[in-house]
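As recorded in Swiss-Prot, the features of this protein are as follows:
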type     : residues : note
TRANSMEM : 51-71    : transmembrane segment
TRANSMEM : 79-99    : transmembrane segment
TRANSMEM : 128-148  : transmembrane segment
TRANSMEM : 160-180  : transmembrane segment
TRANSMEM : 188-208  : transmembrane segment
TRANSMEM : 234-254  : transmembrane segment
TRANSMEM : 280-300  : transmembrane segment
TRANSMEM : 322-342  : transmembrane segment
TRANSMEM : 370-390  : transmembrane segment
TRANSMEM : 401-421  : transmembrane segment
TRANSMEM : 439-459  : transmembrane segment
TRANSMEM : 467-487  : transmembrane segment
Amino acid sequence: MPSPEEDPQPLLKDQEETAYDSDGKVLSFGIDYDTESGGSTVVPSFSWRKLWLFTGPGFLMCIAFLDPGNLEGDLQAGAIAGYSLLWLLLWATAMGLLVQLLSARLGVATGRHLAELCREEYPTWARMILWIMAELALIGADIQEVIGSAIAIQILSNGVLPLWAGVIITASDCFIFLFLENYGVRKLEAAFGILIGIMAVTFAWMFADAKPSAPELFLGILIPKLSSKTIKQAVGVVGCIIMPHNVFLHSALVQSREIDHNKKGQVQEALRYYSIESTAALAISFMINLFVTTIFAKGFHGTELANSIGLVNAGQYLQDKYGGGFFPILYIWGIGLLAAGQSSTITGTYAGQFIMGGFLNLGLKKWLRALITRSCAIIPTIIVALVFDTSEDSLDVLNEWLNMLQSIQIPFALIPLLCLVSKEQIMGTFTVGPILKMVSWLVAALVMLINGYLLLDFFSNEVTGVVFTTVVCAFTGAYVTFIIYLISREVTISTWYCPT
């Protein structure tokens, strides 16, 4: 039996945790990079070949804009508000793009991702709170994503497979996809490209079948309109766009390309290509969300079913409304939902690896980190599936609680991100300028206020009793105090790793 020193696959690594090992990165600057002209400051002209080499991280990032939670928000917004909130979907996606571009900027400029920087930036007690909050957000999102995928499996199996069986299948095949990374990150990115393509095709097919009103659709996109009856759906559209774990994830994904951070030209060029591919990815995600919203706006807006439709019964409602056709719309919906649930579950596990590795620096092998993070989420998800398998109303209530959990966590990803990208000793010459900084904080404040409204509305309806109210008030006080601490605290991070 070999000794631990001879073990070719040790569970622990000797070196510090990194998002990607050097031999696993994609070579983006090589054969056609002119070191003399590209040097440290000159940015080479645009190249389609290089854009292709940098394409990938943005499409993994955009999955969080297409997860089952977002799809449920889309269908409810369409059924209740019709086409009237499409303009808000557009601007919410634009706000999400700004946040994700800042996350990518942080990762490219520093060579480290957000969780790693938080480990260096904050004292142990604050760092542990941030880590716990990130993990809770991830578990909440994962439950929604796995349940969404399990619902799709139940639809496609004609109800033969119960919800808990779909949960186990989803959890298992997640590792199969992550195994692709062993053959190169581009293989994993290609798999995600296929899943996004499946979503685009299925929901576009349904969009064509529904035949929505083109004038109403364009008016919904171009003319802002909001009524008192649709405020809750409007808040939901904005609130589910920014996912805490996605902010951590994108700052790590951009490090999958080999970049010399000592060459300003390379960093600038990388940021340019990442900005283009992220914008393209979120444009596609916007179209998919638009398809889902308009399908349900056309079919259910103004009907008695509008207020009762949800992710669990949406497929059957679609089947009853639009009938069978060449290929039953129920199964088209199931395929699209499965692609959304499966892809978002994988990115959730991927994000969990970076969050745990960055905050704790345990030095674990990737497969072991994936096993730990998957287990943390799958156990509560199986319990949820067993308890709520036959109750649509209970699943809707659970989904409201999980949305509330996501809303609580948003400041603990946004505030550290905005503080870090604003500090010259961390970002060097890539520090955000005063105008971008102001706009970013305004967007962050708007998102946090909107989610604060969600929390206030939720707790005003759900919190009853003296004991429960006291606990919630105490938690709220501690919550607000910690947010103030994050905003006001001076950066004390070491500068030994900062770009030059």
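Glycine residues also receive a Cβ, built from the backbone N, Cα and C atoms like all the rest.
Remark: the transmembrane segment (401-421) makes no contact with the transmembrane segment (370-390), by the rule of 3 or more CB pairs under 8 A. As a quick check, the transmembrane segment (322-342) and the transmembrane segment (188-208) clear the bar of 3 or more Cβ pairs under 8 A, pairs 6 or more apart, so the two touch.
The stretch with the most CB contacts under 8 Å to the transmembrane segment (79-99), chosen from 51-71, 160-180, 280-300, is 280-300. Scored by C-beta pairs under 8 angstroms, the transmembrane segment (188-208) has its highest count with 51-71, from the stretches 51-71, 160-180, 439-459. Looking at 51-71, 128-148, 234-254, 280-300, 439-459, the range that has the most CB pairs within less than 8 A of the transmembrane segment (160-180) turns out to be 128-148. Long-range contacts of the transmembrane segment (51-71) within the same chain, counting only residues at least 6 positions beyond its ends with a Cβ under 8 Å from a Cβ of the stretch, are 26-28, 93, 96, 100, 104, 141, 144-145, 147-149, 151, 185-186, 188-189, 192-193, 195-196, 199, 240-241, 243, 245-246, 249-250, 253-254, 256-257, 270, 273-274, 276-282, 284-286, 288-289, 292, 311, 337, 340-341, 343-344, 347, 350, 399, 402-403, 406. Taking Cβ pairs closer than 8 Å, the transmembrane segment (128-148) reaches residues 64, 67-69, 71-72, 115, 118, 122, 163, 167, 170-171, 243-245, 248, 311, 337, 340-341, 344-345, 348-349, 351-352, 355-356, 359-360, 373, 376-378, 380-381, 384-385, 395, 399, 402, 405-406, 408-409, 412-413, 416, 482 in its own chain, all 6 or more past its ends.
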